[in-house]
Amino acid sequence: MTTPGLDLSSLGWNESLAAELPGGAVPARVARVDRGAADVITTDGHHHAAYGARLRRATAEDPVNLPCVGDWGALTLLSEGRYELDSILPRRTAFVRGGVARDSRGGLSGDSKGQVLAANVDVVFVAEPSMHATDFADLGRVERLLALAWESGAEPVVLITKADLVGEHLAGLLDDVAAAAPGVALHAVSSLTGEGVEVVRSHLDGSRTAVILGASGAGKSTLVNALAGEEVMETQRVRAGDGRGRHTTVHRELIPLAGGGLVIDTPGIRRVGLYEMSQGVDLVFSDIEELAEGCRFGDCSHESEPGCAVLAALESGELPERRLASWRKLQREANWMAGRTDARLRAEQTRKWKIIHKSMRGRSRP
Ligand SMILES: Nc1nc2c(ncn2[C@@H]2O[C@H](COP(=O)(O)OP(=O)(O)OP(=O)(O)O)[C@@H](O)[C@H]2O)c(=O)[nH]1
Ligand SMILES: [Zn+2]
């Protein structure tokens, strides 16, 4: 497909990326990957680019170097309209799934399955429906998804979706969710009435790239369609119906929105349960981390130690019991995941994460 004169800045290209581009190479954004090749978008449109020798060597050394949706790549022009993907530019953020433990040099079993699911995501929308079946929003799930969001290095934003369903309960619900998401922007949104959709879109100003995390039925696809102003995603209602209006085109993974900005949606991103998230948990529970600094013992487990500031806050009612329980649960989960993840990959993630979050924590958007 050829679209002459496409402006790469609408895909998120900027000067700092340009500074990383090898001389003579053509910049392109990865829209989807296949085995050994990627669908890329460059100034003259979509291309199917096979991996060049240099990239194949890098991926053989470490699967983390495999291109993924959202990556920026350097293309080499082979012949008129034919490109090869030669390298991937350094990633600013990454959603990583850690796989089974690696046998470092002649170990017993397994291999490195550290896999980057999406790269260069700027904002992660955590979508939690105001009402799910007969229940209000699930705060534990919000906290869990927030941990995953922080872990990626992108800016988390919590969306209470289907805000039209709860009437006058909305204000109280937003208060509860805000308490579970300190320091994170929070919006109510209804794709049905359009309420809040523009505010969500404003987070994508400057051609930012988003992913939307949330349970099945949270309204993710419906929201993408509302943002796109057209039906780019199949929703549950369409899937459950007679199939009319069903999209027969290949499912796009990098979706440019008509009003600006992009959304990444992949099956991997939808199956969020397996991300590594120990750093993210600390950030979601920054209130508890702060309390813990007041504990008498540096290695306080906040179970029964004397002088425990966390237990004191629980006692006084300052810290809700639900929140402490949620923190413990996510920490156990994160520790378990950490044990399964390749240590080297994790170290690299931690390093990147520290750099990104130093600059992010002070920042907040309206
Ligand atoms: N009342 C109301 N219903 C909504 C809203 N947004 C989505 N829905 C409905 O909720 C159902 C699920 O929406 P989807 O957008 O398919 O949810 P999803 O999160 O993409 O679900 P999965 O694809 O399973 O992950 C559909 O029947 C939608 O019509 C909303 O703002 N208000
Ligand atoms: Zn303590």
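If you go along the chain as it appears here, the first residue is 1 and each next one adds 1.
Each Cβ is built from the backbone N, Cα and C atoms, and glycine gets one as well.
Annotated features, as they stand in TrEMBL:
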- 113-272: domain 'CP-type G' (DOMAIN)
- 119-270: domain 'EngC GTPase' (DOMAIN)
- THR161, LYS162, ALA163, ASP164, GLY214, ALA215, SER216, GLY217, ALA218, GLY219, LYS220, SER221, THR222: GTP binding site (BINDING)
- CYS295, CYS300, HIS302, CYS308: Zn(2+) binding site (BINDING)
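Sequence features, as recorded in TrEMBL, placed on the structure.
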| residue | record | Cβ within 10 Å |
| --- | --- | --- |
| THR161 | GTP binding site | 31 |
| ALA163 | GTP binding site | 24 |
| SER216 | GTP binding site | 8 |
| ALA218 | GTP binding site | 23 |
| LYS220 | GTP binding site | 26 |
| THR222 | GTP binding site | 22 |
| CYS295 | Zn(2+) binding site | 19 |
| CYS300 | Zn(2+) binding site | 18 |
| HIS302 | Zn(2+) binding site | 20 |
| CYS308 | Zn(2+) binding site | 21 |
Task = Name the one residue among CYS295, CYS300, HIS302 whose Cα is closest in three-dimensional space to that of THR222 (GTP binding site); these are the binding-site residues.
result = HIS302
Task = Compare the Cα of HIS302 (Zn(2+) binding site) against each of the binding-site residues THR161, ALA163, GLY214, SER216 and report the nearest.
result = GLY214
Note = Given the Zn(2+) site CYS295, CYS300, HIS302, CYS308, its other Cβ neighbours within 8 Å of the Cβ centroid, in chain order, are ALA292, ARG296, PHE297, SER301, GLU303, GLU305, GLY307, ALA309, VAL310, LEU311
Spatial separation of LYS220 (GTP binding site) from CYS308 (Zn(2+) binding site) - C-alpha basis, Å = 41
Query = Mean pLDDT for the domain 'EngC GTPase' (119-270), as a whole number?
reply = 86
Task = Quick one: pull the CA-CA distance for GLY214 (GTP binding site) versus CYS300 (Zn(2+) binding site), whole Å only.
result = 33
Ask   = Taking the Cα atoms as reference points, how far is ALA163 (GTP binding site) from CYS300 (Zn(2+) binding site) in Å?
value = 40
